[in-house]
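These notes concern the structure reproduced below.
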Amino acid sequence: MVTLQLVGSLRKELADSLSTCRVLVVGAGGIGCELLKNVVLTGFKNIEVIDLDIIDVSNLNRQFLFQKKHVGKSKAQVAKESVLQFCPTANITAYHDSIMNIKCFLEHCCQLNLFFLAVARNHVNRMCLAADIPLIESGTAGYLGQVTVIKKGLTECYECQPKPTQKTFPGCTIRNTPSEPIHCIVWAKYLFNQLFGEEDADQEVSPDTSCVLWDGDIKRVSTKDWARSTGYDPVKLFNKLFKDDIQYLLTMDKLWKKRKAPLPLDWLEHQKLTCPQGVTGTGLKDQQVLGVGGYCQLFSRSVETLHSVLADKGDGAELVWDKDDPPAMDFVTAAANLRMYIFSMNMKSRFDIKSMAGNIIPAIATTNAVIAGLIVLEALKILSGDVEQCRTIFLNKQPNPRKKLLVPCALDPPSANCYVCASKPEVTVKLNVHKTLVLALQDKILKEKFGMVAPDVQIEDGKGTILISSEEGETEANNCKFLSDFAIRNGSRLQVDDFLQDYTLLVNVIHCENLEKDVEFEVVGDAPDKAPTPTRSQEEGKNIANGNKESSEPSTSSEAPAEQNDILLVDSDEEVPSSSTMAVSMESGGHKRKLHDAETGEASAKRQHLSQPSADDDNDIIALD
């Protein structure tokens, strides 16, 4: 077999550096597969790949290191075997593991020269800042893509830009007055959880926020308890959800003065209608829209199947909704479409509902390939000691007025208000010390809001009181106590350390008894000391083709200092949240994108970072597909 490599296009010093680098590639999905191929063909010899995921048939349309025979196997292991066919002399080690395995991550941080990361962006961002390692981040969303470089003191870090929260809808709109298909789809997902999953009071589906039974007396019980009492009878469920509840809504006259009133459905009237009647659309089955009778039958079958699965799991079991689970997807498709019909909306195909319910923007193989190539080009600049020539590069869907699909932009300096990369990170949090539990401080504020993994909290009270310890069992007794129980009051200061991230944050507490409804805390006045002023190249303002100098060839400048030879690259092609109000969403869920003026095509403003629900929230899953 002929070994194919591109070292001939690189100067000898850089080629030698690549051959001796030890590289960790985290994630072997869409971008990860292309990246593995690229690093091997570019000349990297010592490569380790880590991915917790297994190959699914849906991966095969864009992750070309995998074939049908590989379905169900480890992505990391199969990717290794496939890449070795390009370069049998490469030394590749595969791990079916998670990057959030702290021991694994810290060991590789110390031993490797180059990182290609896919998830846990906040965690990785902080580790790279602590180690002063350049980080290359990237993502794709359909035809759009982005690559950017993060360097401590020189550029923005990943957390410099705030990430808007995922779009939500008022509960009363979901329960009572849906006006868009997405409202019905969200309602159907809520219904799945209420019937088969973990109940959440905020996801109630009945119109009066309780389960109303029309059997003579009005009883108020949970949706799941009532469903159990009926043995999950599909007919009773159908008539309750799509007839009785709708009739109850019709008694609220004021709701329908300026809206079209809903139309209740009756099982006996529609159950005899078969699926083919009313079918619209051509092509694949998932892209067809059934008639009301078809969705009645689908609802009944899916309820029976899900009830059977739930029963097999035993008492107290719960199901988790998954867009790739056929019975769960059937249930949401049927329930959402029946509700759309009731509220006079055009029904949607299973394909459309899956995209909306799963918050998906499809991944495209060619976008992944372009972005993976750009990642390596930026890495070569860093390894050549030419960090200041790195750029944020955007891949557009259409050429701009200058006929360019790839648009390089200068890297932005660190944000003065960043609570992560400032010289002394500090934030101020407004909360009610008499109502905020220590557990809420740990989980909702420190972990969820500020992205910590294992925080230790000490009160600056002159005694060094330990409020929260990352050591198991040390401070669990504090969890159910309020902050005020520890003499925390207006003006108190908390020293928070996360040793797993080598990250320290000072939290100033402002006591407030007048927070808005359903708001537990607010981050205010979060302006820490400004980060060191970055050094900028005088040539920064020049137009640079595809993010490089005069050509696409790597720089031939002098060797980089030793501490700059470690870089970390973040990439993702995960199918990402989309919404009816979101014009552009980067696929990794956490990327910036310039907004282009409709007439000039020039970058006119910066899109805020978009949050990724499962990257930092689900620390045991590497999501690249």
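Cβ from N, Cα, C; glycine included.
TrEMBL labels come from automatic prediction, so no person has curated them.
Per TrEMBL, ATP binding site is recorded for Gly27, Ala28, Gly29, Gly30, Ile31, Gly32, Asp51, Asn59, Leu60, Asn61, Arg62, Lys75, Ser98, Ile99. Here TrEMBL flags Cys157, Cys160, Cys418, Cys421 as Zn(2+) binding site. Per TrEMBL, the feature SUMO1 cross-link maps to Lys163, Lys219, Lys397. According to TrEMBL, the feature active site, glycyl thioester intermediate maps to Cys172. Residues or ranges marked as SUMO cross-link by TrEMBL: Lys189, Lys240, Lys606. What TrEMBL lists as domain 'Ubiquitin/SUMO-activating enzyme ubiquitin-like' is 429-516. Per TrEMBL, the feature compositional bias 'Low complexity' maps to 553-563. Per TrEMBL, compositional bias 'Acidic residues' is recorded for 615-625.
Counting residues of the domain 'Ubiquitin/SUMO-activating enzyme ubiquitin-like' (429-516) by DSSP class, helix then strand then coil, yields 19 helix, 28 strand, 41 coil. Each of the recorded sites Lys189, Lys397 was scored by other CB atoms within 10 A of its CB, and the lowest score goes to Lys397. A separation of roughly 27 Å, to the nearest angstrom, links the Cα atoms of Ile31 (ATP binding site) and Cys421 (Zn(2+) binding site). In this view, Cys157 (Zn(2+) binding site) is surrounded by 24 other Cβ atoms within 10 Å of its Cβ, with every protein chain counted. Mean pLDDT of the predicted structure over the domain 'Ubiquitin/SUMO-activating enzyme ubiquitin-like' (429-516): 91. Put simply, of the recorded positions Gly29, Asp51, Leu60, Cys157, Lys397, the one whose Cα is nearest the Cα of Lys163 (SUMO1 cross-link) is Cys157. Each residue contributes its Cα atom, and for Cys160 (Zn(2+) binding site) and Asp51 (ATP binding site) those atoms are 27 Å apart. Checked against Gly29 (ATP binding site), the recorded positions Cys157, Cys172, Lys397 differ in C-alpha distance, with Lys397 being the nearest.
Each residue contributes its Cα atom, and for Cys418 (Zn(2+) binding site) and Arg62 (ATP binding site) those atoms are 37 Å apart.
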